[in-house]
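Student: Sharing a structure, written as structure tokens. Questions coming.
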Amino acid sequence: MLLPRELLILLSLKVCLAVHNTRHGPVFTQEPSDSIFPLSTEDKRVFINCRAKGNPPPHYRWTVDGREISTESDPNYSLAEGNLLIKNPHVVNHRGVYQCIATNTFGTIVSRQAKVQFAFLENFSRKSRSIVSVREGQAVVLLCGPPLHYGEIKYSWVFNGRRGFLQQDARRFISQRTGNLYIAKVEALDAGNYTCAVRNMMTNATVFSSPTPVVVRGDAVMGEYEPKIEVQFPDTLRVSKGSSVTLECFALGNPVPSISWRRADGNPLPGKIKINHSTGVLEIPYFRPEDAGVYECVAENSRGLNVARGQLLFQNVEHLQWVHTPKDADIAIGASLQWECKAMGNPRPAYKWLKNGQILPKEGEIYVEAGKLSITRISLSDSGMYQCVAHNEHGSVYASAELKVVASPPDFTLRPVKKSTVVQRGGEAVLECRPYASPRAVTSWWRGGELLKDTERQTVMDDGTLRITNISKFDGGRYTCVARNHFGTSSSTGTLVVKDDVDPTRITVPPLSLDVTTGQSLVLPCDFSKQEHFEMIERYLLMTFQAHIFLSDGSEDVLLMHQGFAGDLMVRNIQLKHSGKYVCMVHTEVDTVSAAAALRVTGPPGPPEALAVTDISDTTVQLSWGSGPDNHSPVTMYMVQAKTPFSIGWQTVATVPDSVPGQMMHATVRDLSPWVDYEFRVVAINSIGVGEPSTHTKQIRTKAAVPKVAPVGVSGGGGARGELVITWEPVSEEHQSGEDFGYIVAFRPAGSSTWIQTVLASPDASRYIYKDDSIEPLTLFEVKVGVYNSIGEGQFSRMVRVFSAEEEPSEAPLSIWARAVSASEIEVHWKPIPSGSSRGKILSYEVLFWEEGSRPSEPRRVRIISATTALLSGLKGNTIYLISVRAENSAGFGPGSPAFNITTKKPPPNRPPSNIEWKLTNSKIFLNWEHVKAMENESEVTGYKVVYRQAWNSMTSVLETNKTSMALQIPSGENYLIEIKALTEGGDGSSSGPIRIPKMSS
């Protein structure tokens, strides 16, 4: 008899809590995060996000660096819902630590702190830089001295104002830490002007310094000396897991030193390390504990050797994450509360508690110890929003919970004493008294004016329930429950009716135990008999599953269909979680009956357990595992999957045996790539389907082996005279099979039996140029490219045939002539060079031109492909230009034609037409203007050009005339813009500027 009563109590609690949970304090749904905003964008607006839900809806405030932001006194700030909008942000005034504060009638919560910075790049000082004088053979360091900035920047240098940036090599190095340019050994060709260029990678802005002049003295040459390491990495550097670290090392010296890297403990460098041997930079991506150690940079030349070293320390930083957080609580006044929060992180976090956004003091009934908060004897003033904050040197996380202190007199509105309780004579009556009260009410029962006390047949239980056994006719009547607490008294009355000879309730169609498969749907029936003896009877139909009550409103997957004297339970899209015992219970005023059924759900197997890797070779590993839950269907087979840094997700791999049977808990994985990091997992399969994968193994690396993959795409050709250019596609890191990977390039003249070989010790190499002035143009070579690593030499590619470079054209283009098109343009024509003057295909022609008497070291150039005419533009008016044309093939440029001169036309007048008059008549616009008179050094005016368009349209119309007037026929109802220009053989003159003609009425 206890079970139905307890179920009814749960139902009442569900209804009660639904009423009280409609209103609640604020809860963040979006919090601000650390951000860097570029300041070079056109949109001078920055949003910092914050959003909270609550009932009533919360209102918001913001602080920056602990100061509250006033949107009224500071026009740069405004609120868009909870988000903070900063208009025209300033790099200094608006950077800082921001925090969002949300408040409603139940309390206040504060968001996590967000650091806001602005990426910017100021200009260099325009102050001239001093001349740097250096001897040939000596080293030099040119300082960049970057301007104020924030955000990632990249340094480059420009030499003598040329297009493109200075290329780094073994002799020249640009530090990305300081921006300085280092030249290990100065040569005569290094004399010139050097400009430092700084680019902000976020704003994409680039600024240039004033040039630094470098003068190479010719009075003496610096002798040879041993390397001096000028750029080196820190003595100690802490690196967190998964990050990328870059080490710079560069040495000055004569001869130019070579740079190499090694580990001080003698262990080989990890295969993933990227080394740029020409610039002295080492990069370790995806840093792991085994990458920690002492790294040495070795600089060496014929005069000696120098070493720089530094230690990389693995810093195990784990971001804070919650393990346990406090939950919202409704607590009666005078009761006690204990909350606990716990976070994981490295270093171990400390804790603090906030109430309504303020630090919670340890006083009175409040006790705070680390992540634990205790409040004894709760009072109304303790209501509010509480937050636990876990923090360490890397950040903080916030968890919030609401405390509602409930204080009210007894109230029977929602849970009155049952108006009528019908009991069979000789049975048992249970009358419940459960008013809503805080603190809990003290209850007593009365019959008439008599206070009921405990007897042999009647008992008042601790929860206020009145129980009467062995019911007789004399027990019938009215019973009143009186409830009292500090805030008041209330009562509720019900009637006990005693009946004779009541037919018991029976379940006529009980639910049956079933075996089902995931994804199916079913209905569990439960029909019961009707008690016709009773005119007034109240029935409660309940379905329970693992202490969960299903009501007639149902849930997403489970629906109770209650009609008349039947209560079928529908379960849709059955999952493993639905396995268990289901109880159908019918509760009337007189009795309670129930029937149970077991539901066994079969589904795909669970994840295998305890996956382990052993016996690692270059292409195989041994895996073993334990069986997981089979979910009522035996495992038929296992499937092994692997993931590498080079794969897209998890891939099924080959095993021995090919198909791993369900009773086997081990397998050999085959056909792996040597020297590659792998992770493995295992998936179980049964007759129902494929189960969830096991947890993956830690990353392991297969052993090194001789490389098996040869380069593909071997080809070549082109280059300068006397060169054999060989190219190929680099072998991917996945197939290099070991460290110290490189290429062996072999070639021989066609028909020769002797191979010439060279070794390139760079895994990224994709090109080799063999130079020999004795090679005839377009000589046929046989070429192949092989691979090697620290284990040995691998295979060569298939042999291909490659021609050596062509010979530059031997003659200049013929029959060159030109005409001046205008004051700024010259049209040049020529005939192609004879076919016999080039042993290769002509790729293009280049037109070189310069002003007479001032040929620069770099004349202006125009390159023309597959044509024999060129238009030179951007020229000065009435100026003599000298022009030369030369042909180009893959070997380079041939000789230029003899320079000839041509004069551009005089420029047009720089004065626009003036005194413009216009008038509208019907659909015509009549225009008049004053004639433009040319000066002596200007082209004569031959006519005028009238350009007009509708104001909303970009399409223009043009009319020309040799008069100073014109009539335009245009439709009515549109605004027009008109411009007038003078026409000369030197080109169009200055525009009058747009003249707006308002639309005419029809």
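Keep in mind that glycine also has a Cβ here, set from the backbone N, Cα and C atoms.
TrEMBL lists these features:
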SIGNAL    1-18  signal peptide
DOMAIN    32-117  domain 'Ig-like'
DOMAIN    122-208  domain 'Ig-like'
DOMAIN    227-308  domain 'Ig-like'
DOMAIN    334-404  domain 'Ig-like'
DOMAIN    410-497  domain 'Ig-like'
DOMAIN    504-594  domain 'Ig-like'
DOMAIN    607-705  domain 'Fibronectin type-III'
DOMAIN    707-808  domain 'Fibronectin type-III'
DOMAIN    812-907  domain 'Fibronectin type-III'
DOMAIN    912-1002  domain 'Fibronectin type-III'
Student: Hey, which of 32-117, 122-208, 607-705, 707-808 has the most Cβ-Cβ pairs under 8 Å against the domain 'Ig-like' (227-308)?
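Tutor: It is 122-208 that shares the most Cβ pairs under 8 Å with the domain 'Ig-like' (227-308).
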Student: Can you count helix, strand and coil residues in the domain 'Ig-like' (410-497) using DSSP?
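Tutor: Breakdown, helix to coil: 3 helix, 46 strand, 39 coil.
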Student: Which numbers of helix, strand and coil residues does DSSP report for the domain 'Ig-like' (334-404)?
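Tutor: Secondary-structure breakdown of the domain 'Ig-like' (334-404): 3 helix, 44 strand, 24 coil.
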Student: Can you tell me how the residues of the domain 'Fibronectin type-III' (912-1002) break down into helix, strand and coil by DSSP?
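Tutor: For the domain 'Fibronectin type-III' (912-1002), the helix, strand and coil counts are 0 helix, 49 strand, 42 coil.
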Student: Is it possible to list how many residues within the domain 'Ig-like' (227-308) are helical, extended or coil according to DSSP?
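Tutor: Counting residues per DSSP class in the domain 'Ig-like' (227-308), I get 3 helix, 46 strand, 33 coil.
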